[in-house]
Amino acid sequence: MYIYIYIYQILGFGWRKKLILPLFVDAGFWRVEMGGSYEKIKKNGDVGGDACCDPSEETDPVNRTKGKKLWKKVKYELIGYHSLPAYLKDNEYILNHYRAEWPLAHILRSVFLLHNETGNVWTHLIGFFLFLGLSIYTAQNIPIVDDLHPLQRLANRLPNPFSIWGSNGAEAGLLGEDGGTGPITRWPFFAFLGGAMFCLLASSACHLLSCHSRHLSYVMLRLDYAGIAALITASFYPPVYYSFMCNPFFCRLYLATITALGLATILFSLLPVFQKPEFRPVRASLFFGMGLSGAAPVAHKLILFRHRPEALVTTGYELLMGALYGVGALIYATRVPERWRPGKFDLAGHSHQLFHVLVVAGAFAHYRAGLVYLEWRDAEGC
C-alpha cells in the first residue's frame, strides 16, 4: 500500500516546513507531529482526521523509537532563507542550504558537511593553519646577521650628526644593547602573526557555530568583529616599528594611534545595532577606514627612506595588501556576485567566501613584507 508521511516542524517561530515522504506499509496512515522537544506518532484511519490512535499505540516503545529516529533525521535538514529565524537572516541573495538552531554536536559534525557556510568555515580554517605553519617556520628560520665586521658594529654605534634626533639614549632602548646590528626584537612581527591567526580562527568558529542559538550567534559575531580589528591593528606593528625604530617619537605615536583605533572599533562592534544587515556598509567602511589610516606612516616611511630599496619593496607589498583588503571589503559590502543571480552561489563563489580568500591573500602579502623588514633591520640597524 502506497501512503504518505506528513512531517511538520515548529521551532518557536511558527510552522516552518512540511515534507511529504512516500512509503510502502501494510496499512494505516502515519503522521509525525512535533510538539516541543519530542514527537507523537498518531495512527489515523483517514488522511485528514485528527482522531487519536489507541493509547497503547501512542505509548508503544517501538513506535516511539521509530518516530524519534525519523524526527531527528528531518529536524536537522538544511532549510531556506525564508524559514530562518530573524537573527540568522543576513543575506537575502543566498536562498538555501541553511542550518538553524542545531545542537552543538550536530554543528561540530557539520564542518564536514556541505552547506552554505562550508566554504566560509574552511577558507579561514585553512588560512589559520597556514599562518600557524608560517609562525613555526619563521621562529626557526628568521634571518640572523651576526657576522658583521667589528668596525661596522662600531660605526653603527657612533652618533649620526645628521640625525634630527641625535643619540639620546632612547634609541638604544629600542634597538638593544648592540646598537642596532644583529637580530632585533621580533615581537612586532609575531604580534602580526598572532593577530592574523586570531582573526582567521575566530571567523571560522563564528561561521560554524552561530547557527546554534541567538545568544551564541551574538557572542560569536562580536568575536568575529574583534578578530578583524585585531588583524588590522596588528598589521601596523611591523611596518611602524621597523620603519621608525630609530625615531622613537613617531614610532610610539603611530603605534598608540592605531592601537586606540582598534580598541575603539572593538567597543563599537559590541553595540547590538552593529550586526544588523542594513549596517553591512557601515561595518565595511569602518574596517576599511582603519586600514586606510596606514597611509600616513607609509608615506612618512617613503619620505625618510625613499632611496632605500627595502622601503620600496615593503611599500609594494603593503599596497598589495591594502588593495586585496579593499577589494574584499567592497565585495563584502555589495554582495557580488550572488545579488546578480540569487540562489546560484549558495554553496560556492558567493561574496563572503571571496572576501575570506582575499583576506588570507592580503595577510600573506604582509607576511612577505615583514620578512623584508627583519632582514633589513638585522643587517643595518638604524
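Think of each number as a place in line: the chain as shown, counted from 1.
Just so it is clear, glycine is given a Cβ too, placed from its N, Cα and C backbone atoms.
TrEMBL annotations:
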- 121-139: transmembrane segment (TRANSMEM)
- 189-211: transmembrane segment (TRANSMEM)
- His207, His352, His356: Zn(2+) binding site (BINDING)
- 223-241: transmembrane segment (TRANSMEM)
- 253-274: transmembrane segment (TRANSMEM)
- 286-305: transmembrane segment (TRANSMEM)
- 311-333: transmembrane segment (TRANSMEM)
- 354-374: transmembrane segment (TRANSMEM)
- prompt: Considering pairs 6 or more residues apart, do the transmembrane segment (354-374) and the transmembrane segment (253-274) have at least three CB pairs under 8 Å?
  reply: no
- request: Around the Cβ of His207 (Zn(2+) binding site), how many other Cβ atoms lie within 10 Å? Please give the count over every shown protein chain.
  value: 24
- prompt: Neighbourhood of the Zn(2+) site (His207, His352, His356): other residues with Cβ within 8 Å of the Cβ centroid, in order?
  reply: Glu117, Gly119, Asn120, Val121, Thr123, His124, Ser203, Gln353, Phe355
Field: Other C-beta atoms that fall within 10 angstroms of the C-beta of His356 (Zn(2+) binding site)
entry: 25
- line: In all the protein chains shown, the tally of other Cβ atoms within 10 Å of the Cβ of His352 (Zn(2+) binding site) is 22
- prompt: Counting Cβ pairs under 8 Å that sit 6 or more residues apart, are there three or more between the transmembrane segment (286-305) and the transmembrane segment (223-241)?
  reply: yes
- prompt: By a Cβ-Cβ criterion of under 8 Å, what residues six or more beyond either terminus of the transmembrane segment (189-211) are in contact with it?
  reply: 88, 98-102, 104, 107-108, 110-111, 117, 120-122, 124-125, 127-128, 131-132, 134-135, 138-139, 217, 220-221, 223-224, 226-228, 230-231, 233-235, 237-238, 356, 359-360, 363, 366-367, 370, 373-374
